[in-house]
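A.B. asks: According to TrEMBL, the protein carries these features:
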{"type": "DOMAIN", "residues": "92-267", "note": "domain 'Major facilitator superfamily (MFS) profile'"}
{"type": "TRANSMEM", "residues": "146-163", "note": "transmembrane segment"}
{"type": "TRANSMEM", "residues": "170-191", "note": "transmembrane segment"}
{"type": "TRANSMEM", "residues": "197-220", "note": "transmembrane segment"}
{"type": "TRANSMEM", "residues": "232-251", "note": "transmembrane segment"}
Amino acid sequence: MYVVEPNLSLHILHYAKKHRRIALCRRENRVIRNHVELPLLDKTDPASRIQAYGRMTRIHTLVSHRPSNLLNCEMENITLCSITGIRLFIIGCILTSITNFPAAFTHTSVNSAVLKIEEYLNNSFSGRFRPLETHEISLIKSGINTIWYVGQVVGAFLSPYICDNWGRKPAYVISTVVMAAACGMQMIASLTSFAEIFVIGRVITSVFSPLSDAALILYLQEISPSSYRGTMSSLFSTGYAIMCLIGMLLGHEDILGKATSYSGNTQ
């Protein structure tokens, strides 16, 4: 008399029916498609029962602990012109814009608004201490530009640990939120006479920028089918270049104004 183990069979059948995915059982060389071909058990043959139970356990392990295998077949059928492909592409564009705008804008706008940065630094120190000499302004401005790369080195060492231990999504959310707050600090600094707030906000942005970059690249590769995974990964560099261009344009006087809100004591 042949019977089927009820618990495992019902669990596997329910999973396959609910998700309607294709799972490849490599060791058994069988395909599970909307149903599972379960081995039959012979109550009178203990060896057959143990062998069949082991086969069902391997199928159960495949379905329960390797969900990515269930999605491979359907993911391979996704093309860039399909609805799902277009949706993934739009999501990738949005994510890369959110990720690259804080870093690219703060990195290029400083170089575009050179005269206004020098004026802001001079007014900031003149109101609290004394007017700065030309070489002192150049030294401070060079330090503001250089500190960006120092912060990126620190962030590059922290990125692998955070992405591997906390996950890609938490790492991406944390880095994006912190960078947005740091950009807010730089905006507040332009309203006050404290240039130190501007420098601190720039340092924080530079530290968390590599983390958001690494998390975004990994996430784009994980959600993309292998057929156009390279296209999705290239969105990051393309988005950074576009955001840098936007930062250069917004740094001009005719677009965002001719001066900072803080004018200081120019006497």
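The backbone N, Cα and C atoms fix where each Cβ goes, glycine too.
Note: TrEMBL annotation is automatic and uncurated.
Are these features on the surface or tucked inside, and what are their neighbours?
C.D. replies: Nonlocal intrachain contacts for the transmembrane segment (170-191), taken as residues 6+ away from its ends with a CB within less than 8 angstroms of a stretch CB, comprise 95, 98-99, 102-103, 105-106, 120, 159, 162-163, 197-198, 200-202, 204-205, 208-209, 211-212, 214-216, 219, 260-262.
For the transmembrane segment (197-220), the list of distant contacts is 92, 95-96, 99, 102-103, 106, 143-144, 147-152, 154-156, 158-160, 162-163, 168-169, 171-172, 174-176, 178-179, 181-186, 188-190, 232-233, 235-236: same-chain residues at least six beyond its ends, Cβ to Cβ under 8 Å.
Tertiary neighbourhood of the transmembrane segment (232-251): same-chain residues 88-89, 92-93, 96-97, 99-101, 103-113, 213, 216-217, 220-221, 223-224, selected by CB-CB distance under 8 Å and a gap of 6+ residues from either end.
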A.B. asks: Take the transmembrane segment (146-163) and find every residue of the same chain, 6 or more past its ends, with a Cβ under 8 Å from one of its Cβ atoms.
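C.D. replies: Those are 107, 171, 174, 199, 202-211, 213-215, 218, in sequence order.
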A.B. asks: Across the whole of the domain 'Major facilitator superfamily (MFS) profile' (92-267), what does the mean pLDDT come to? Round it, please.
C.D. replies: 80
